[in-house]
Amino acid sequence: GDGCGHTVLGPESGTLASINYPQTSPNSTVCEWEIRVKPGQRVQLKFGDFDIDDSDSCHSSYLRVHNGIGPTRTEIGKYCGLGFQMDGLITSKSNEVTVQFMSGIHTSGRGFLAAYSTTDKSDLITCLDNASHFTEPEFNKYCPAGCVIPFADVSGTIPHGYRDSSSLCMAGVHAGVVSNTLGGQINVVISKGITHYEGSLANNVTSKVGPLSTSLFTFKTSGCYGTLGMESGAIPDSQITASSVLERSNETGQVNVWKPENARLKRVSPPWAASISDEHQWLQIDLNKEKRITGITTTGSNLAEYDYYVSAYRILYSDDAQKWTVYREPGMDRDKIFQGNTESYKEVRNNFIPPIIARFIRINPLKWHQKIAMKVELLGCQFSIGRSPKITMRPPPPQNKNDDFIEDFVHSVKTSLQTDKTTFTPEIKNTTVTPSVTKDVALAAVLVPVLVMVFTTLILILVCAWHWRNRKKKMEGTYDLPYWDRAGWWKGMKQFLPTKSAEHEETPVRYSSSEISHLRPREVPTMLQTESAEYAQPLVGGIVGTLHQRSTFKPEEGKEASYADLDPYNSPMQEVYHAYAEPLPITGPEYATPIIMDMSSHPSTPLGVPSISTFKAAGNQAPPLVGTYNKLLSRTDSTSSARALYDTPKGQPGPGATEELVYQVPQSVAHSTGSKDE
């Protein structure tokens with residue numbers, strides 16, 4: 001009817017609008033659209049804009065949607081309203097839908113714009129949606145067919161990106177991601193905007209120059225858009241031929257030949273030009289082997305004095321240069337006519353959706369300015385995917401009211417069979433998972449987090465153990481004993497000392513201090529006699545060090561000995577008392593028992609002579625004691641005399657026991673004679 005506006009009805013999707021949209025629709029107009037998709041599928045309808053006058057409560061101006069086509073159709077709903085928001089989808093019950101628009105007497109109302117698709121396209125958008133309507137940094141949407149509309153704007157180009165105010169679907173057509181005739185899926189990536197957006201002509205869409213914006217968007221694609229060798233020279237001159245060649249003399253009489261090998265984009269030379277300008281001329285390019293061809297870029301003459309260019313052309317392709325196929329879009333019964341240049345020096349790009357798989361390409365000019373002349377570059381990539389298997393046709397169903405649709409469908413399949421190299425759809429990168437790998441992906445989605453958690457736990461345990469160990473070392477200190485050894489220090493040292501006799505004699509130990517009390521600092525006791533003792537005495541082959549508070553030997557109260565006092569050579573002459581350990585108060589025989597010291601009956605022995613030990617070792621053999629001479633720390637006792645008496649350990653024989661063992665005084669110590677006081 002006379003109320004129909006922009007309309008593109010594709011086999012799986014399309015776009016429809018009221019007349020004069022987005023301006024106010026005229027009075028008393030009507031339009032009816034019949035939408036049909038493949039049998040077994042259903043139709044979903046989405047409105048991008050809805051503004052229909054409702055002053056008479058949808059009586060004369062409205063939009064009505066029906067299930068089915070013809071007299072058997074049933075109404076889904078009747079809609080009207082100014083600025084009416086219809087965010088949801090209207091879904092049919094069959095593969096056929098009728099949309100009826102009625103415009104009565106009104107003073108305002110833009111009408112409507114809607115998109116439709118099959119119900120398997122759950123992410124359907126309309127031609128009016130732009131990037132600023134979505135907040136995700138990356139998303140997938142389905143664009144309907146027919147989004148090249150005069151009332152939508154696009155700013156930018158590939159590969160720099162498009163301004164965020166641009167129509168997503170119209171920019172997708174300009175970029176060569178989707179076809180205006182078929183629609184398709186787009187994968188959009190949002191990024192930071194730039195200060196200037198260039199304009200260009202591509203796929204019959206003119207993008208405008210745009211100013212600064214906060215963000216821009218680009219499309220993820222298969223990446224098969226590289227140049228195939230015309231500009232670079234990878235295609236040799238011998239593989240570029242033409243139907244005819246223009247020869248023209250210049251002002252000096254020199255003959256210029258506008259050869260086909262001159263048809264290389266961006267080369268500074270005259271282009272290829274045909275000697276005769278008619279629709280039978282062609283430029284042919286041999287790619288040497290089959291390639292995936294996704295697009296073509298053309299210009300006219302780059303010579304200022306010759307304003308020649310081709311404004312429309314067809315594409316033919318072949319594997320053997322004998323049988324040629326004209327490029328058509330799937331489902332279309334007519335040749336695809338590509339828009340060429342509108343001026344001689346600006347590049348114009350056209351994409352093949354789906355791409356062409358062929359070795360030979362022919363460009364057949366249909367319209368031109370003054371003369372046929374052009375420069376060309378082919379876009380695409382190497383072809384490595386095998387041909388798709390031949391389609392087996394099923395017997396056609398009985399003729400019914402869908403005859404027209406079935407005939408169109410069969411014709412499109414026949415066309416696909418005839419041009420099987422053009423049936424490959426663009427490879428759009430996305431993150432969706434195909435059904436064949438759903439189980440594996442689900443299993444991986446469970447196993448990977450579990451493994452990560454297990455390894456993370458092990459690492460944390462190791463780190464904590466290492467940290468605890470270092471912290472424990474710091475707490476123990478450099479000179480301290482570990483806490484588990486403090487209580488049993490003396491018990492642990494017993495294993496390094498001579499053991500007591502097999503007879504388990506328990507005799508007290510006697511020391512005489514009458515002799516050693518007058519020794520000089522450099523003198524040491526030379527002879528010690530004793531009976532076997534229950535507990536081994538400290539092994540003092542060298543120095544008797546400062547008694548720490550964790551020792552089993554108890555120093556006497558008073559001034560503590562310091563490390564400075566240990567120097568036997570720099571200390572003044574003084575009386576030295578040998579400090580022997582008192583046992584710590586304890587009930588058991590764990591530590592050393594009290595000792596009676598009596599050395600009055602033993603003469604002092606020169607340093608060069610081995611000393612007599614008071615310790616008894618197993619086997620009655622005196623082990624040698626090797627060490628360095630050190631000053632013995634003294635114990636000051638104001639009541640001490642030549643004899644110091646200590647209690648005898650319980651259960652031990654009296655001081656009369658005199659069994660002796662000999663320890664050797666270190667031989668490296670110089671001999672020193674001490675004075676005796678009788």
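Even glycines carry a Cβ here, placed using N, Cα and C.
Summarising the annotation, TrEMBL assigns domain 'CUB' to 4-119. Along the domain 'CUB' (4-119), the predicted structure has mean pLDDT 92.
The disulfide bond feature in TrEMBL is assigned to Cys4-Cys31.
According to TrEMBL, the domain 'LCCL' annotation covers 121-217.
If you look up TrEMBL, you'll see 224-381 marked as domain 'F5/8 type C'.
Marked as region 'Disordered' by TrEMBL: 638-659.
In this structure, the disulfide-bonded residues under consideration are Cys4, Cys31, and the one with the smallest number of other Cβ atoms within 10 Å of its Cβ is Cys4. In terms of DSSP secondary structure, the domain 'CUB' (4-119) contains 0 helix, 61 strand, 55 coil. Helix, strand and coil counts from DSSP across the domain 'LCCL' (121-217) read 11 helix, 36 strand, 50 coil.
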